[in-house]
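Novice: Among the features that TrEMBL reports, transmembrane segment is placed at A:12-30, A:36-57, A:77-94, A:114-131, A:143-165, A:185-206, A:218-241, A:269-294, A:306-323, A:335-358.
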Amino acid sequence: MEKAKISAYQLFVLILLFEHGTTLLLPLAVEAKQDAWLSVLLGMVGGFVLFWIYYGLYQYYPDNLPTEYVQKIIGKVLGRLLGFFFLLYFMYIASRDLRDFGEMLVTVAYPDTPLFIVSALLMLVMVYTVRKGIEVLARTGELFFIIVYLLAITGFILIVASGLLNLTNLKPVLEEGILSIMKITFTQTLYFPFGEVVAFAMILPYVNQSKKAKVAGLFAIGLSGINIAIITVLNISVLGVDLVSRSPFPFLSTIQTIRLAEFLERLDVYFMLTSIICGFFKISVYCYVAVIGIADLFNIKEPSRLVYPIGIVILFLSITIASNVSEHIKEGLQIIPFFVHLPLQVVIPLLLLIIAFFKNRKSR
Amino acid sequence: MPSFFKQRKKKTNSEDHKESGRDQPNNRSLEFIHDSISINLDMIKQKTGNSSDIVIRTLNISLHSEIKTAVVYVEGIVDSISINDFLIESMMKNHALQEKLTRENALEVISNNIVALGSIKLVSNWEQLLLSLMAGETLILVDGTNEALSVGTQGGETRSIEEPSTQVAVRGSRSGFTESIRTNTALVRRIIKNPDLWLESMKIGKATQTDVVIMYINGIANEKIVEEVRQRLKRINIDGILESGYIEQLIEDQTMTTFPTLYHTERPDMVAGNLLEGRIAIFVDGTPFVLIAPTIFIQFFQAAEDYYARFDIATALRLLRVIIFFISIIGPSAYIAATTFHQEMLPTQLLIAISAQREAVPFPAFVEAMIMEVTFEILREAGIRMPRAIGAAVSIVGALVIGQAAVQAGIVSPAMVIVVAITAIASFATPSFAIAISARLIRFLFMITAATFGFYGIILAFIMLTVHLCDLRSFGVPYMSPFAPFSPKNAGDTVVRLPWWALKQRPPFISNENNIRQGKDQKPHPPTNRGMVNSHTRKSDQNES
């Protein structure tokens with residue numbers, strides 16, 4: 001473990017930026033049509049429960065990283081193996097997100113630039129950051145939190161002011177009943193983005209106020225859930241269900257429709273700035289978590305030395321995980337949630353919590 | 001690996017050096033002053049290489065003129081009037097006391113009854129003797145004693161107090177620091193009349209023996225930071241300190257950065273204000289620039305006047321300065337990115353206008369911007385270094401070359417000239433030169449990233465810059481505080497400045513626990529009923545009539 005401490009507020013900011021990471025980019029719960037925002041809010045409630053599980057585990061072992069306490073809960077060999085799986089998972093998701101951003105940039109702004117170059121640049125900045133450690137990452141987060149919120153508020157005002165908001169697009173509410181929304185929640189929004197908070201199980205031991213960490217985490221999930229729901233509402237009410245479901249980057253399409261005072265138009269950069277900042281934090285957190293996890297699992301004294309190799313691994317993984325965009329998105333929507341997210345975000349932590357509960361009761 | 005050995009070697013070298021440096025004064029200090037005055041005077045001549053500015057005046061005092069004494073001083077750095085009037089004259093003419101004088105009590109009588117000057121002390125070894133001679137003190141040697149008197153007669157020509165030239169304020173004190181360290185510390189003491197204003201002196205520089213003073217308010221400054229400053233200053237082992245910049249570069253937290261992690265100022269009121277916030281001032285003899293530690297980023301956007309102007313105006317100006325800083329960093333790069341990669345972002349008519357202008361220009365936007373920026377940097381550098389009389393010529397050449405000829409010759413487009421001009425003015429409008437010059441450097445980096453990757457490059461460079469800023473520290477205080485780590489209690493005096501009655505606390509990460517600045521409820525409470533005041537005055541008017 002790195003000798004560093006972050007405050008509860010910094011944890012809050014990091015989770016918030018992390019949650020916004022790729023959700024600004026990709027369409028969310030499109031199958032729920034105009035009720036996508038309800039599905040997001042339900043996912044947020046699920047996110048509360050998941051965070052409560054991770055926090056419960058943290059409370060049993062407040063000074064240990066998950067890679068350490070897993071070994072205490074289910075034994076050395078199995079624990080190490082499981083910890084290793086978690087690290088692979090973090091690196092895999094980091095590379096998926098990196099791919100998302102690379103594809104976005106190539107599609108939107110730089111059609112002639114190779115994907116590898118675009119991703120490599122982003123990775124370079126992240127490697128530089130992760131090398132500095134969690135404290136610097138958290139402090140940077142605090143600054144960008146202010147910037148992102150200023151951008152969000154001005155963006156919201158611009159959308160409303162240009163008269164694009166058409167709330168009738170949101171009706172009818174609950175057209176297909178609550179059950180279908182529940183189904184979409186449990187197949188999509190619960191895992192992405194809310195279940196991804198599992199990465200913060202690795203960061204919780206760094207928080208210096210452990211009581212406040214719970215409140216901060218829950219608040220961050222709640223606020224980001226509301227923000228994401230607002231973004232979904234904006235997308236649907238501006239573009240309509242049909243356009244949202246066909247657009248690869250619905251939020252970008254929404255922002256592109258802004259036209260105000262004959263000169264504020266085509267604000268692609270606005271979207272790029274916000275989404276890259278949030279995505280930067282998401283991938284950096286995954287990358288950082290992978291680095292400290294590996295350093296802990298393999299007893300490496302200086303985690304910062306691992307940053308370059310792991311950064312390169314994530315970069316190459318992001319190029320090789322899929323041969324094209326549609327393959328990449330199909331994997332993300334149909335395979336990953338059930339075979340990767342569900343066990344690693346929900347089932348295993350829950351089992352660990354139960355075992356830890358019995359183990360610690362016995363020892364007391 | 002080789003670099004590792006190299007470092008080690010260096011380290012041992014410097015250690016050897018230090019030891020030898022330490023040994024020398026020890027050897028010398030063993031040589032006590034000799035009994036015989038002629039040997040002593042010869043010794044002084046020999047040690048100083050018979051320098052022509054050293055004045056040795058031998059006198060024979062006492063009734064029968066049998067006691068040989070000598071007055072030794074360095075001309076130019078002493079106050080010659082006081083030496084003549086209060087030292088030499090009183091030694092020669094004080095007949096009443098001359099009767100008492102004997103060889104044994106000579107020094108005592110001279111110091112107690114003859115010399116009419118404030119500071120006087122006994123020295124017994126050569127090192128001290130020569131140091132005090134070189135510091136502007138006057139030595140009195142008496143034949144037959146192995147001690148000497150050293151009288152404080154520092155003086156000589158110094159610059160008088162003038163208005164600071166780098167930090168001008170419309171409202172506020174007009175006095176600026178001078179080159180004399182005593183004047184400078186006095187200027188601050190005149191503002192803070194408090195016994196808790198503590199000064200610690202030390203001499204740094206083996207050859208120059210420069211006076212360095214740490215000033216802080218005991219009970220407000222954080223003891224840990226004071227100790228850290230002390231330690232870092234004591235570590236310095238260098239031949240000379242010519243300006244506070246030497247000290248700054250030897251004690252700063254990080255060298256590999258363009259950002260200054262120590263603030264320097266010419267204004268006594270700014271030093272006083274910073275001391276009251278719990279910071280520590282480092283005065284260096286020979287320069288009007290005083291260092292202030294610890295420093296945070298936002299300090300470079302604060303001008304002394306902000307605190308004198310009303311809060312709304314101060315806040316507006318601060319926000320303006322932050323925007324100016326951003327413009328001076330990303331001005332040209334945004335233009336490059338927009339014209340090269342993101343033409344769709346510009347409004348159509350503006351785009352047509354720009355591309356019509358650029359039609360005749362043979363270079364890509366990046367080269368165009370580089371030509372203009374480099375030209376401007378050359379002009380600016382020329383403007384600073386050249387003699388004043390030629391200034392007008394340079395500005396005419398600059399205006400014609402940049403403004404007109406370059407556009408007419410088709411080398412750059414008029415839009416580019418506007419962008420460069422705005423950027424240049426923006427970098428002049430930043431209140432601190434130290435931060436403006438680092439923005440100048442970073443601007444070129446941004447231009448390169450913008451030319452290769454458009455706005456994506458700018459965004460990435462911006463993220464990297466922010467990470468770097470968050471990584472910096474100044475004496476343990478994070479550079480970007482109070483934003484990162486965020487502390488709402490301190491945010492009142494950053495990009496905004498709240499009214500004085502709302503700034504209740506000192507920044508707790510800088511000062512110690514005693515951080516309450518003002519009593520409760522300092523908000524002004526004028527009587528709400530205007531009529532009441534008027535009726536009162538009216539009544540008194542009636543009484544008078």
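Numbering starts at 1 and runs along the chain as displayed.
Cβ coordinates are placed from backbone N, Cα and C, and glycine is handled just like the others.
No curator has checked TrEMBL annotations; they are predicted automatically.
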Novice: Does the transmembrane segment (A:306-323) reach the transmembrane segment (A:77-94) with at least 3 CB pairs under 8 A, where each pair is 6 or more residues apart?
Specialist: yes
Novice: Considering only Cβ pairs within less than 8 angstroms, which of the stretches A:36-57, A:185-206, A:218-241, A:269-294, A:335-358 has the most against the transmembrane segment (A:77-94)?
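Specialist: Looking only at A:36-57, A:185-206, A:218-241, A:269-294, A:335-358, the most contacts with the transmembrane segment (A:77-94) come from A:269-294.
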Novice: So what's near the transmembrane segment (A:335-358) in sequence-distant terms, Cβ-Cβ under 8 Å and 6+ beyond its ends?
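Specialist: Distal contacts: 50, 53-54, 56-57, 60-61, 69-70, 73-74, 82, 85-86, 89, 92, 96, 187-188, 190-192, 195-196, 198, 201.
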Novice: Other than its close neighbours in sequence, what residues sit by the transmembrane segment (A:143-165), given a CB gap under 8 Å and a spacing of at least six beyond its ends?
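Specialist: Answer is 13, 16-17, 20, 227, 230, 234, 237-238, 254-255, 257-260, 264, 267, 270, 273-274, 277-278, 281.
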Novice: May I ask you to check whether the transmembrane segment (A:218-241) and the transmembrane segment (A:185-206) make contact, with contact taken as at least three Cβ pairs under 8 Å and only pairs 6 or more apart in sequence counted?
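Specialist: Checked: the transmembrane segment (A:218-241) vs the transmembrane segment (A:185-206), in contact.
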Novice: So, taking each listed stretch (A:12-30, A:114-131, A:185-206, A:269-294) in turn and counting its Cβ pairs to the transmembrane segment (A:36-57) that are under 8 angstroms, which one gives the highest count?
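Specialist: Checked against A:12-30, A:114-131, A:185-206, A:269-294; highest Cβ contact count belongs to A:185-206.
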Novice: For the transmembrane segment (A:269-294), which recorded stretch in the set A:12-30, A:114-131, A:185-206 gives the largest number of Cβ pairs separated by under 8 Å?
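Specialist: Stretch with maximum Cβ contacts: A:12-30.
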Novice: Should anything in the same chain at least six residues away from the transmembrane segment (A:12-30) have a Cβ under 8 Å from its Cβ atoms, list it; otherwise answer none.
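Specialist: For the transmembrane segment (A:12-30), the far contacts come to 6, 36, 39-40, 43, 97, 100-101, 104, 137-138, 141-142, 144-145, 148, 184-185, 188-189, 192-194, 196-197, 199-200, 203, 216-217, 219-221, 223-225, 227-228, 231-232, 235, 244-245, 247-251, 271, 274-275, 277-279, 281-283, 285.
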